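Following: one structure in structure tokens, then a few remarks.
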Amino acid sequence: MTLTASSSSRAVTNSPVVVALDYHNRDAAMAFVDKIDPRDCRLKVGKEMFTLFGPQFVSELQQRGFDIFLDLKFHDIPNTAAHAVAAAADLGVWMVNVHASGGARMMAAAREALVPFGKDAPLLIAVTVLTSMEASDLADLGVTLSPADYAERLAALTQKCGLDGVVCSAQEAVRFKQVFGQEFKLVTPGIRPQGSDAGDQRRIMTPEQALAAGVDYMVIGRPVTQSVDPAQTLKAINASLQRSA
């Protein structure tokens, strides 16, 4: 579905669904995007697509009415991370993220870089523990905490730095809502409708389970992008979430 809209007049959606665009072919990506409605989801653009197609690709998605989560996971010295986050805000994206493991000074600098944008600033989210990581992966890095405990430690640091929320696994959402409050946004990848393949995610939930756990925004990729009828798949997911609410 093609709409004409600027980044300042993006279509508004109440859906918590964020579709991950993981394509290496621009035409294939746009063919998919033109099948879905910006009222049914937001879109996530990650490292591969942004590196291949650049800021213009983000602008084209916005012109079709979509809010964009720019998933580049900035992790650098504070000044560089701050400039990168400000550049994302200049693009008019809805959400941008950094790695919480970059530390307090980096996250604080990123937050401060968004102050001049006022109400037009994107949500600033920090990545805690990648959902593909298990305890053995953390142990290889010298981290003796469980993924859940380490994610909570990083989430606490994120909130202390004044960011809007974190990317976390759905399993961590219940505790995070209790500890950090309702206003602290939880963004969760690894969401798979019932019957979907787990893919490369290790800690997964269905959309209904994620909503019940307190997830604010759920990232769904292949179950939608590889669907024979992605528009209908999105509508079915949103309908199931409304029934569960």
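In case you wondered, yes, glycine gets a Cβ from its N, Cα and C as well.
Because the structure is a prediction, the values reported are computed rather than measured.
Annotated in Swiss-Prot:
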| type | residues | note |
| --- | --- | --- |
| BINDING | ASP22, LYS44, 71-80, THR131, ARG192, GLN201, 221-222 | substrate binding site |
| ACT_SITE | LYS73 | active site, proton donor |
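Here the features listed in Swiss-Prot are placed on the structure.
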residue	record	contacts (Cβ under 8 Å, 6+ apart)
ASP22	substrate binding site	GLY46, GLU48, MET49, GLY221, ARG222, THR225
LEU72	substrate binding site	GLY46, LYS47, PHE50, ALA84, ALA88, VAL96, ASN97
LYS73	active site, proton donor	LYS47, ASN97, VAL98, HIS99, VAL127
HIS75	substrate binding site	ALA81, VAL98, HIS99, SER101, GLY102, MET106
PRO78	substrate binding site	ARG105, MET106, ALA108, ALA109, ALA110
Query raised in the report: What is the number of other Cβ atoms found within 10 Å of the Cβ of THR131 (substrate binding site)?
Result: 25
Report summary line: One finds that other Cβ atoms within 10 Å of the Cβ of GLY221 (substrate binding site) number exactly 21
**Report entry** In three-state DSSP terms, the structure that PRO78 (substrate binding site) belongs to
**Finding:** helix
